Structures are given as C-alpha cells and as structure tokens.
Amino acid sequence: MSRQPILRANLRAGGKRLFSAGLAITISVAFVVTALLLVDSFNRTMEAQAQAQAAGADVVVDTQGLWFPDDATSQEGSPDEGAPDPGTDYAGRLAEKIAEQPEVDTAQALSATSIMFDSSGTGGFTMLSQVPEYADIDVDEGELPDDDAELLIGGQLADAYDLEVGDTITTEPPEEQELTVVGISDGAHTADQALVTDQTMGSFDEFASPDAIMVVLGDGHNDEQAQQDFAERTAELVSEMMDHGELPAQDSAGEETDREPGPGVDGGTAIGNVVVLTQAEIVDVWIEQLSGGTTMLTMVGFGFGAIALFVSALVIYNTFQVLVVSRTAMMALLRAVGATSAQVIRATLAEGAVLGLVGAAAGVVLGWCFAYGASTLASQMWLPGFATAQPTAVAVIAGVTLGVGVTVISTALPALRSGRIAPMEALRPVEVVPAESSGSVLRLVLGGLLTAAGLAAVLGAAMTNLAPVGIAGAIIGFIGVLILCRPLVPRLVSALGRLWARIFRGRVAAGIVANNARQTPGRIASTTSALLIGVTLVATMTVGATTAQRFMADELTERYPVDGAVVATSPELQDTLEAEEIVTDHAEFSGDVVTYSEMEDVETDLVEVSQSDLLSSGITRSEDLDWDDMLQLGVSMIGEDVAGVPGEGSDEAADLTPTRESSQVTMLRLSDDATAADLTRLRSALESVASEVHLEPAEMRASVDDVVDTVLIVVLVLLAASVIVAVLGVSNTLALSVVERRREAALLRALGMTRSGVRSMISLEAVLMAVVALVLGSALGVYFGWAGVASLVGHDDMSVGLTVPWVRMGLIWVATIAAALLAAAIPARAFSRTQPAAGLSQE
C-alpha cells in the first residue's frame, strides 16, 4: 500500500480541523517575514543614503582626527616635532595640498558643528555643514544656498519647526546671526543636518570641527582604478606632511601615531589620524555606520518571531494529538488491511509538512503585505525616502523553512503515537479513551530543579546587577515551569472546577470540567502553556516598565527636591501659576538660581563638615543617621598645603558673593502625570512673565516616562503575534475536543442537560485555563519584571521597590478572560448542538 492514499484520507478527514493550526503557523511566519523584509528595507535605505552622500566624490579623506581642542597638549616628555598646535586648520592645509595635485579637479574641506537656534520663539537644534560642491542635491522647494546667511534644511526639520522658504532662524550665542531658509530638501544630504555656503560656515569656524575632504578627479573621475591609485598617492602625501611637521603625528591626548600608511579599522588606508578612502570604500563604511542597528533589529525580530513559533508549535502539537486520538479506528483499520506502522507515521508527518507548507506560503504573502504597508506608511508619514519592502529570497526561504520545520517537528510525537496504534483497535465497539498519565516523577524532579535554579539565578542577578545571568536564569526557570505544567496545571484546573461547583451555580458542568482536566492532562497543559507564555511576557514588560518609571522618578525626586524654579518679579506670575492645572504647589523665596561653571581642587572622596552641622542625604543614608543622632568624627593631618576640603555639595551659601540684587525665586511642584506637551505649554506661559524658567527636573521625568511607555508599546505590539496564536490555540483545542467528546455531549443531552448547560461546560473550561495561566503568568511576570529592573540599575542594596500597576494588570486579566470566552464561543455552540441520537449512534 502506498502512502499517498493514507495522506489523502487524512487530509480529507481533518481539513477543517487543521484550519486553526494552519492559521497559527501563518501568523508566526508572517511575523518573521515582516521583520526580515523591513530590515531589508532599512538596509536599502541606508545604502541609498550613503551612495547619495558619496556620489560625485572620487576619494574621501576623513579628517575628523585632525581636530584638536584648545587645551590639547603633547604628553610630558614627548618630542615637540609632530605635536598638535591647537586651533590650526590642519584639514584646510591638507585640502590645499591635495588641490595642487595635477589629477585633482576640486578638493573641498567640509566641517561640521552643532547650533542652537530660535524660530518664532521656539528653540531648536541641528547640525550644520557646507553644501558639497561635488554632489547633485535635489531641492524640493526653493534653491541651494548661494550667498551669505542662506540655509538649506531637511523636510523633517521644516516640519518640526514649521519652517518654510523665506523664514529666518536666529542662532544662539556665542555665534548669534540670522539665517534665511532658501531651500528644503528631503535628500540624504539634509537627513540629519542643514547646509550653508563656505562663506557662512566660516563664521562658525571657531566652533566647527573638520569632517572630510571631498576630492573630485579630472580625467580619472568615476574611474575605480584611478581612484585607487590617487588614494595611495594621497596616503603617501599625508605621511610626508607628517614627517615634515605640516600635519600632527600625535593625537589629541599627545600619543604618537603611526605615520606609515596601513589598513584602516573600518576600511581604507590609515595614516596617523587621517583615513583615505575611495568612493566604494567610503560607501561601505557609511553603510556599516548607518546600519549599525540592523543586527539588533534582526535579533529582535527573530526573538519575538521565535516566541510566536514556539506557541504555534504547541498549538500544532495539540491539534495532531487530538486528531490521532479521533482517528484511532481509521488508522487501526488501515493497519488491519495491510498498512505498516512506518507508512502511518510517514503519512502523519507528510500531513504536517503539507500543513506547514500551505501555512508558510500564506504567511510569506501576508508578511510581505504587512511589510509593504508598513514601509509605505513610514515613507509617507515620518521617514521620507524609506525604501518600499520587496520580497527577498532570504525572507521567502526562511519563512517556508521555519513554517515547515516547526510543523513537522511538532507533529513528530503524535505521528509516533499513530504508528503504535494496533489493528485490534478497529474492533473496539465504543469510543473509550483511557485517562492519560499526568506526568512521571522524572518530569516533576527535572521541572522543579530547573525552576528553582532559574528563579534563584534571577534573584542573584537582581542583587548583583548581572543582567546576562538574570536573562539566562529567567529562560531556564520558565522552561522548568513549562515542564511542570503537565503534572500541575490539570490539577489546578480541576481544583478550580470543584471550587467553582461549590461557590457558584452549575455544579454539574463545573464537576464535569474538573473531571475532564484529569482525564486529558496533556491537552489542558499544552493549551494553558500557550496562554501562559503570552501572559508572562506581557506581565513582565508591564511590571518592568512601571517599576522602572517609579525608580527613575524616585531617583529624580531625590536629586531634585523640586520640579522647577522660576525667577520673576512680575505680579502676573501668581495668576499664571494658578491657571495651570499641572502646578500642584509653589513657594516663593528670595535668591537666585546659580550654576557652578568650574570647581578646582575637588577631591570627591573627602566630605566637608560645616559649622551648621548639616550633612548630605548620602551620608545620613549610608550611616543610618536620624535627627539628633550623635556622630563621632576622627580627624587626621593630611598635609599643610590643603587650602580647603569641598564636599558633595555646599550646605551653606555664605561663600557665594552675589553680583546683583537677589530676585524672587518661586519653587514649583508639578503633577506626576504631567506630559512633555504639558511642560512645553507651561514653559511658554511662564517665559512670558518670568526672566528665567527652569523645568529640567520635570522635563527629565516626563522624558523618561515617554521613553519607557514607547518601549512598552513597541514590545506589546511585537508580542501581539504570540498572543493571537495562543488564543487561536485555545479555540482550536476546544474545537477539537468537541469532536473528541461528541458522545459525551450526546449522553449529557440524553440525560437532561440543556443546551446552555452543555455550552457553559466549554466556556467554563476556557475560563479556568485562562485563570490558571493568569495566576502563574502574573506571578512570574511580577517577579521577572522587578528583577529585570533591579539587575540593570546598578544598585546592590535591594533599593529597587516593586511597583505593580494594578489597573494595567486588571486590564490584562479582563482581556485574557474575554479572549478565552471569545475563543470558546464557536466550539461551545457546536458542542451544544450535538443531537443525542446522532451522537450516540455507531458510525
């Protein structure tokens, strides 16, 4: 007998039952394919930007190493020859030498600086550089800068500060001048900087640092061999200039550099502080720099994709486990008419492979659709020029391989079980399914050891700030919990069912659910495990984010006793503060807000004892001191040349000599829920009535909250695939159990149970599995979330307090139970519609 008839029979018999399992693998593969295609789009975007920036330049000389601050000096004892002379324009000197070479058409020395500016009362920041002579820049609006004080900006900067062609910005001191926007471009050259003419850039020379020399060859333009030859001659020229003292042979720390040309760290030819690269080499270097996050993005995508695939594997395993049980009579009959055990096993594995192939193919198409939509939206909304996602061989092969591989592996154990079905099973007159084993002693011991070791490692990492140990411990501990699910989860579901029967109405339904949990522990455990994975991950991230926010808020509160300070004498200040809802309290003092610009002779390991008997909060914490406690100090002579012993911070203002009459300072206490937008609005309101406004502490807290919330949202979105697959698993398992328990439903209906009572059994079973997953997942999530933050913040005194977001956790519980009820709706309806006569009849 060939295996094709068995496979065809299996597919015909289980077509509809395989839908949910196929959908699970489709969603998981789509997630992985989407991640791969978006990473590919990111790479192509970075490559296009790098090529656009280098287009037209034959050789690029990286001169960033030729910048020396004013305090740069050679090391003591080093020779004067080759030492840097702070303030000297070495990049310009080298550009002049290169321009004198007969092969060169132009050699432009580019520099860069950062500027703060004001635009219609709104402060801003951008990088500034010259318009490259060699590049063909596409200007979307206006024109290129051609005169002094003219500026070309990028589209993102224009949108952020509502700038249009003809608007002006005023750069802030120390170099204050007005620049007029004459053009707006979304090209690569203005992606992260604004461009001006060489003449305008000259006014910022005091603050600018050299960036690169862009060399355009004459007859050898765009000739790779000519570029390579000239790059070698340029390297020799740089070496000669160092030998003659025209370029420094030392770095900014005074250390001698190698004057001989050699391979650069990132490519090209390095000569001391200078790197010479051809056009091809500089494109490769820039792509490497710009796409440095690609590896991390790929790892994140595969990490969350692996979680979704693992959950899918549980769903597929459950599906085939139930299918094999429901096909016992058919497979036994096939064995009786001549099919071998190997043929039955191969047919089941082939069925899994077909399911995986179809699901993976659908996942590849769905993933490409998601990636195309996301990349198109990103290009139009916030990332101009972002490359549209295109199908790649890597994404297709990876998606199909993972889909088929995971499905076949998940099918292996049920397939082996199908091969052990004896021909005599065909003679069994009644569908009697014996109770499954709840697990061996070995499983209990192994699961217990892994769980204990993993949770202990997590605690140790929280106390010693070893995050990698904590991650490994969490993985090991969770694997132990999954192993323990088989013996423990069915007992917990059964116990909850009996408890439900005692407390609420529906004793019969709850009792039957409790008994079924003991009869089929494998199905209950694997379904609950899928939910447990999703709940644990979501709870971990939610608790971790909230704990991190509270910890950072406490740290900022300790560092900054107030949320802000305002220096003003205007009587309108009080009215302004009263009108702002986020200002919860304020108090006035006479004084000024001052900033230490420089402190000399500071020894941070010495502590000042002032005459006012005040101690810093750090000392009181470390010595466990309280009010009126006595502290005995030991004094020793440390030298006769000590002029003073400064402490952690001045406790007195007696040594501060005021340079003007004191103003009125108003200290502010703001709402903990104040957002960045609220603070921006408050700052604008206060600046109209105050001479100085300081809201930095509150702005830092709002910034931290925004970052943490953003990360949490991103992670929860990435976890959505796993959660959806887990819910599909619940629905699929319940739907298959309905087929498996058809006689049970018919018998209950024949004994008088109503349809609603039969329907409630399935819904109650889903709810109880969800509750067990929520209890275990929430406990693990709270522990992992707190320990994760504690292992990262660098405190070894267990000072990271646990913060449980009860509202968010409540929403997780409500959403999980609602999802379980929704997943059970169709199977429960099918279960209740079983007719007694049809269900009890022999097929």
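Yeah, the Cβs are placed from backbone N, Cα and C, and that goes for glycine too.
What TrEMBL says about a protein is an automatic prediction, not a curated fact.
The following features are taken from TrEMBL:
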type	residues	note
TRANSMEM	18-39	transmembrane segment
DOMAIN	23-231	domain 'MacB-like periplasmic core'
REGION	68-89	region 'Disordered'
TRANSMEM	296-317	transmembrane segment
DOMAIN	304-422	domain 'ABC3 transporter permease C-terminal'
TRANSMEM	352-373	transmembrane segment
TRANSMEM	393-416	transmembrane segment
TRANSMEM	444-463	transmembrane segment
TRANSMEM	469-489	transmembrane segment
TRANSMEM	524-545	transmembrane segment
TRANSMEM	711-739	transmembrane segment
DOMAIN	717-836	domain 'ABC3 transporter permease C-terminal'
TRANSMEM	760-786	transmembrane segment
TRANSMEM	806-826	transmembrane segment
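In this chain, the transmembrane segment (18-39) touches the transmembrane segment (711-739); three or more CB pairs sit within less than 8 A of each other, excluding pairs fewer than 6 residues apart. Counting Cβ pairs under 8 Å to the transmembrane segment (444-463), the top-ranked stretch among 352-373, 393-416, 524-545, 760-786 is 760-786. Sequence-distant neighbours of the transmembrane segment (352-373) (same chain, 6+ residues past either end, Cβ-Cβ under 8 Å): 7, 11, 18, 21-34, 36-38, 41, 316, 320, 388-389, 391, 395-396, 399-400, 402-408, 410-411, 415.
Long-range contacts of the transmembrane segment (524-545) within the same chain, counting only residues at least 6 positions beyond its ends with a Cβ under 8 Å from a Cβ of the stretch, are 307, 310-311, 314-315, 317-318, 321, 478, 481-482, 485-486, 489-490, 493, 516-517, 708-709, 711-712, 715-716, 719, 722-723, 725-727, 729-730, 733, 769-770, 772-774, 776-778, 780-782, 784-786, 788-789, 802-805, 808-809, 812, 816, 820.
Across 18-39, 469-489, 760-786, 806-826, stretch 18-39 shows the highest tally of CB pairs under 8 A with the transmembrane segment (393-416). Looking at 18-39, 760-786, 806-826, the range that has the most CB pairs within less than 8 A of the transmembrane segment (469-489) turns out to be 760-786. The average per-residue pLDDT of the prediction over the domain 'ABC3 transporter permease C-terminal' (304-422) is 84, rounded to a whole number. Broken down by DSSP into helix, strand and coil, the domain 'ABC3 transporter permease C-terminal' (717-836) contains 99 helix, 0 strand, 21 coil.
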